[in-house]
Amino acid sequence: MKLNIALLAGDGIGPEVIDQAVKVSDAIASKFGHEINWTPALTGAAAIDAVGEPYPDETHDICVNADAVLFGAIGHPRFDNDPSAKVRPEQGLLKMRKALGLFANVRPTFTFPSLIDKSPLKRERIEGTDLVFLRELTGGIYFGEKGRRDGGETAFDNCVYTREEVQRLAKKGFELAMTRSKRLCCVDKANVLETSRLWRETVQAMEKDYPEVEVSYEFVDAVAMRLVQWPNSYDVLITENLFGDILTDEASVISGSMGLMPSASVGTNNQLFEPIHGSYPQATGKNIANPLATILSAAMMFEMAFGLKEEAEAIRAVVNKSLAEGVVTEDLAAGKKAYGTSEVGDWLAQNV
Ligand code: IPM
Ligand code: MN
């Protein structure tokens, strides 16, 4: 099979972890007889520096014409403490999500047998955790009207959802639940927010189309609590953009390191795969960042964008092997020998 993939390394540790995902993907491709054509494109602070824009048109064209996009990370500290910055790397990410129509962000949380004791949570609470968040990604407070009034003394961010936006996300949630243990949790704040009441009413109306799926409705504050108490009680969770942003960071620590969790962002025509961690500026250029989240994102890409399940499983298997054998970066080394980012990538590519 010929795979055309747009490669957006982005900022910070992005290029380092992306390099490892390319190595491992190429090794998988040669093992299974595929040909990958990688097309690099600029994004984030790197793109601002080069062309003054975090998501240039040229990058958009490359993404639209690719079968899938593999993305590293976005963000640079020089923008974070400068509220007056006119262009920000993150705007590129939001623009890209919107322009590619990536309305559903798939963020799984699972544990690795050899890392159970690395989690800040007790073994008995997290064993067997295997849940997936479906976060709405192109609506809500992120994209509503925002601004200032009263001479700048008052600020507002509008949270807006349409029934159709909720339906298309919920549909993916129901369909995903059907392929798993058929449990779906709708996370909202329907006791306070009108948008949440629209979510709840829309999902309730869809229940009859999926009689086998057991649906629960929980408030976001309660989910934040239960997620660290009994994460293994959840299966598929659907939620709006901001709640999903917050809860998926919380969920990511369950596995033991934020450097481990992959994600996919999907729409009608395009698909993008990225680690859920950020650009980790403190580690940039030091060859210490954990590349596994990006490599596992590549596994999701093989499976979801190309239907290549065996290839995806081969990546997951070699990742598990590296963890079991202690071929890990310093975040997981716990006083033992730590491997560099590129050494982990080399080891995985040789062992697929
Ligand atoms: C994420 C990130 C982004 C978000 C930022 C960088 C805009 O935190 O992908 O979760 O808030 O969506
Ligand atoms: Mn986030």
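Placed from the backbone N, Cα and C atoms, the Cβ positions cover glycine too.
Together with R97, R107, D221, TrEMBL lists one candidate of R135, R183, R197 for binding substrate, that being R135. All protein chains shown were included, and the count of other CB atoms within 10 Å of the CB of D221 (substrate binding site) stands at 13.
D245 (Mg(2+) binding site) has its Cα within 10 Å of the Cα of these recorded positions: R135, taken from R97, R135, K189.
Taking all protein chains in view, 15 other C-beta atoms sit within 10 angstroms of the C-beta of D249 (Mg(2+) binding site). Put simply, of the recorded positions R107, R135, Y142, K189, the one whose Cα is nearest the Cα of D249 (Mg(2+) binding site) is R107.
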